[in-house]
């Protein structure tokens, strides 16, 4: 009995201190080099530098809230780039934790982009050459192209959500329903996978696609997505909450509980990055 009591007390403490121990507020954009980020944005969106001039990074990894255009060969839905810089894990299987390595694999993969072609196409563009020469001592190089794209990804975080303000100490940032939804989020175990500064993106889970270990996605800006789950089979957030309840086998949740969780997840929407308007 004492062990059960200790567990309950520990869980109660967890709920009380969750704002400071399990989550990190993101109240402002990350520091980044604006000119390098703008160059990275151009490279990210430019189909002309691809092998067949039909595919860019954005062709698979959408910048905005719309559904991604292309599934990969495994039937997995490539993630949006918003807040992706904050992830600890940068691959579906959880094996890649270095963002530079992840981008390198995209450039060198047979089914994605080709490094030699990319650099050749960049060097054919006088505007690119000028920008690289202004920003990098050694001009157009593979490493500098990756660096610019990373700087762009750093600029695409969406800070200052209602939840960020709440965990930073503003008790009035959330309504009572939203706070109740957060309480459910904690008590039902959602927090076991969705925690940290990005509320996900830091571990793999067996709850994913076909029972295989897959990266837990970030929940930041989750309400803006057009498709959900690793295979993109659901297209609304409430249905996804109900689906995850079934996967986690939480049989006691009511429709009201689903709605409270939904309201809480809406509070994770941050301010849209300025660079996406430029």
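Numbers run from 1 along the shown chain.
Every residue gets a Cβ built from N, Cα and C, even glycine.
Residues or ranges marked as signal peptide by TrEMBL: 1-18. The domain 'Cytochrome c' annotation in TrEMBL covers 35-157, 176-269. Annotation source TrEMBL lists heme c 1 binding site at 57, 60, 61. Sequence annotations record features per position, and here TrEMBL assigns heme c 2 binding site to 190, 193, 194, 244.
When the alpha carbons of residue 244 (heme c 2 binding site) and residue 61 (heme c 1 binding site) are compared, the span between them is 24 angstrom. Rounded to the nearest whole angstrom, the C-alpha distance between residue 60 (heme c 1 binding site) and residue 193 (heme c 2 binding site) is 25. Local packing around the binding-site residues 60, 190, 193 was summarised as the count of other Cβ atoms within 10 Å of each Cβ; on this measure the leading residue is 190. Taking only the Cα positions, the spacing between residue 193 (heme c 2 binding site) and residue 61 (heme c 1 binding site) is 23 angstrom. In the structure shown, the C-beta of 57 has more C-beta neighbours within 10 angstroms than that of any other entry among the binding-site residues 57, 244. Other residues of the chain with a Cβ within 8 Å of the Cβ centroid of 190, 193, 194, 244, the heme c 2 site, are 185, 189, 191, 192, 200, 216, 219, 248.
Here the binding-site residues are 61, 194, and the one ringed by the most other CB atoms within 10 angstroms is 194. Secondary structure at residue 190 (heme c 2 binding site), as computed by DSSP, is helix. The distance from the Cα of residue 61 (heme c 1 binding site) to the Cα of residue 194 (heme c 2 binding site) comes to 21 Å.
Note on the domain 'Cytochrome c' (176-269): DSSP counts are 45 helix, 6 strand, 43 coil. The two recorded residues residue 194 (heme c 2 binding site) and residue 57 (heme c 1 binding site) have their Cα atoms spaced 26 Å from each other.
If you take the Cα of residue 190 (heme c 2 binding site) and the Cα of residue 57 (heme c 1 binding site), they are about 31 angstrom apart, rounded to a whole number.
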